[in-house]
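Copied over from Swiss-Prot:
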COMPBIAS  274-293  compositional bias 'Basic residues'
DISULFID  296-361  disulfide bond
DISULFID  325-393  disulfide bond
DISULFID  329-395  disulfide bond
CARBOHYD  135  N-linked glycosylation site
CARBOHYD  163  N-linked glycosylation site
CARBOHYD  164  N-linked glycosylation site
CARBOHYD  200  N-linked glycosylation site
CARBOHYD  338  N-linked glycosylation site
MOD_RES   87  phosphoserine
REGION    272-293  region 'Disordered'
SIGNAL    1-23  signal peptide
């Protein structure tokens with residue numbers, strides 16, 4: 001284990017010495033933790049301490065238990081692009097106005113794939129219709145949905161242009177109010193969104209389904225799913241039917257289908273912290289004077305998720321630079337120590353009365369990180385976590 005993680009355990013361990021918990025850290029991670037514990041003989045942490053340590057970290061991440069993916073996770077490319085965008089990575093796609101608006105009100109993004117065992121609705125002349133059901137029960141009750149969109153992939157169909165056929169067709173998205181019955185072949189629906197799309201490019205088409213998802217989650221109405229209807233022009237029925245990928249091809253493998261299958265994306269806020277934002281690289285602050293080596297300042301601390309065996313459910317990042325504050329707050333306090341008036345007074349009193357403690361070196365500025373992970377239900381989640389990175393230290 002890297003030295004930084006030892007510091008993390010040393011810094012956080014006093015907060016978790018409150019009792020035992022079920023074993024959560026995988027055996028590999030447990031051995032790495034124990035092997036790195038200072039002293040390592042009689043002083044190394046017990047299984048109960050390690051378990052409680054991880055339990056507290058999971059609670060900080062808003063998880064009740066450690067996710068245990070059953071197989072290699074399928075992460076939609078959309079979520080990887082969204083993570084790169086909000087973590088400020090180079091090469092991230094430019095955000096659209098709609099995405100920026102949705103993310104500006106949310107600190108959590110979740111994705112859902114539909115259940116593929118549903119029946120195909122009766123075919124109508126010139127139209128292809130499918131019923132889609134997305135199980136949203138994994139959304140926490142305290143999470144308020146601010147926006148939701150249904151994404152459908154459209155494949156470039158050059159033959160439509162070669163045959164001089166129309167390369168436009170309409171996609172309609174309906175909410176199912178009442179499902180089909182024995183007496184009625186068609187469900188009762190409500191139109192949510194509609195768009196005229198073209199076949200001259202391969203791209204994702206996004207449709208606003210916020211009203212339906214809010215009714216299901218906030219108002220507790222029954223989720224009967226959606227109907228996706230593709231209206232084909234008479235001269236391009238075959239091409240447009242192949243263009244919009246709302247069902248899996250007969251011989252299509254699982255991996256390729258997972259990259260283009262319909263996707264429901266929800267944007268929500270759990271009432272904690274700030275919404276997602278595009279992280280910009282911070283400019284280094286100019287030092288006003290040469291600091292003493294022992295004075296209060298920020299030190300390196302890298303948290304590697306593989307050291308506790310979490311790399312099987314945390315997709316990105318593999319770790320992050322958390323940093324920590326350490327050092328002396330000597331009298332008199334210099335300007336660069338970013339002190340409060342109270343800290344200045346306390347340090348002054350300490351200089352004449354040693355019973356009064358000195359001011360402490362603590363974080364004065366913290367920033368958030370974005371994490372992409374699989375939750376307990378193997379749903380892909382992008383979440384913004386506040387106060388994870390120390391940006392500045394001072395005497396307080």
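Here the Cβ of each residue, glycine as well, is placed from N, Cα and C on the backbone.
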(message) For residue 395 (disulfide bond), which of the three DSSP-derived states applies: helix, strand, or coil?
(response) strand
(message) Whole-number answer please: how many Å between the C-alpha atoms of residue 325 (disulfide bond) and residue 87 (phosphoserine)?
(response) 23
(request) Taking Cα atoms as reference points, rank the recorded positions 135, 338, 393, 395 by distance from residue 361 (disulfide bond) and give the first. (result) 395
(request) Anything within 10 Å of residue 395 (disulfide bond)? Look among the recorded positions 87, 135, 296, comparing CA atoms, and list what you find. (result) 296
(request) Tell me the Cβ contacts of residue 393 (disulfide bond) under 8 Å, same chain only and six or more apart in sequence, or just say none. (result) 296, 297, 298, 325, 327, 338, 361, 362, 363, 364
(message) Helix, strand or coil for residue 361 (disulfide bond)? Use DSSP.
(response) strand
(message) Rounded to a whole angstrom, what is the C-alpha distance between residue 87 (phosphoserine) and residue 135 (N-linked glycosylation site)?
(response) 28
